[in-house]
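S.K.: This structure is in structure tokens; I'll ask about it shortly.
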Amino acid sequence: MGALRPWARYGLLAVAHLLALGLGATVLQALEGPPALRLQANLRAELATFQAEFGACLPPGALEELLGTALVAQAHGVSSLGNDSEARNWDLPSALLFTASLLTTTGYGHMAPLSAGGKAFCVAYAALGLPASLALVAALRHCLAPLLSRPGAWVAARWQLTPPRAALLQAVALGLLVVGVFVLLPALVLWGVQGDCSLLEAIYFCFSSLSTIGLGDLLPGRGSGLHPALYHLGQFALLGYLLLGLLAMLLTVETFSELPQVRAMVKFFGSSGPVNAEDEGAILGQDELALSTMPPSAAAPAQAPAC
């Protein structure tokens, strides 16, 4: 495969991506199609029952119009269900969570601006805030990367591991740590506090948040009748979880992207020309960083005593 031309490699990558998209769509269609049809049938049966009992008291089309209005309002995060109507939609904790989901590109979809001014402000705010957020994350990653590489360098020096194995061990350890601290542990807390979601749904929510998918079908505290103080505390906790969790996720992705195996795969689909000065400088910089984080005993191996 090394003899393939660059355009053939890119074509192979595009075909593989399209095949992955088709496979995902086929699996989801098989898994989600029957439940959606059952839910649609149940909804039609409920509507038919309601119209049979109360249809004489309602003008034709009144129920459909009311449901349409309620669905449009629900799409913007406004609901009239329950006694604690959504006065909490645009209070300070909710607005902070919305801005965090905007700047982290999570976009839960549980709230949306209604006014034209709010939509225009969201466009300008995201256009200015997203680059600033990326710059902040890059600065934090630059500060934390040397600290995170020190345990791996110590283990490599103690176990006499080769640099590729040491890098793989460090990436796996960091990945397991992030999964445990930012996925499994918050999922267990959410599962215990929420009460109306399963453990799988809690893990699904944590992963969709940290991967910035943010499907919005699950949101902690929403619709569970929590006390307003607990609800707002949960929103602040979710705000901190998003910021810290996304930083940890980006550090993990960066660590895995620096693995020799991953770089070899990227190089296969990249240009096959000679290494330029910029790439050589980056490689030397990474070697200097690795050497600076290793203990002194590992930098210079001890010489065997003369006989």
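The backbone N, Cα and C atoms fix where each Cβ goes, glycine too.
Note: TrEMBL annotation is automatic and uncurated.
Pasting the feature list from TrEMBL:
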| type | residues | note |
| --- | --- | --- |
| SIGNAL | 1-24 | signal peptide |
| DOMAIN | 78-142 | domain 'Potassium channel' |
| CARBOHYD | N83 | N-linked glycosylation site |
| TRANSMEM | 92-111 | transmembrane segment |
| TRANSMEM | 123-148 | transmembrane segment |
| TRANSMEM | 168-190 | transmembrane segment |
| DOMAIN | 181-258 | domain 'Potassium channel' |
| TRANSMEM | 202-221 | transmembrane segment |
| TRANSMEM | 233-253 | transmembrane segment |
S.K.: Six or more residues out from either end of the transmembrane segment (233-253), which same-chain residues have a Cβ under 8 Å from its Cβ atoms?
M.R.: 93-94, 96-97, 100-101, 104, 106, 137, 140-141, 144-145, 148, 171, 174-175, 178, 181-182, 186, 193, 206, 209-212, 220-221, 226
S.K.: Quick check on the domain 'Potassium channel' (181-258): DSSP residue counts for helix, strand, coil, in that order please.
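M.R.: Its residues fall into 56 helix, 0 strand, 22 coil.
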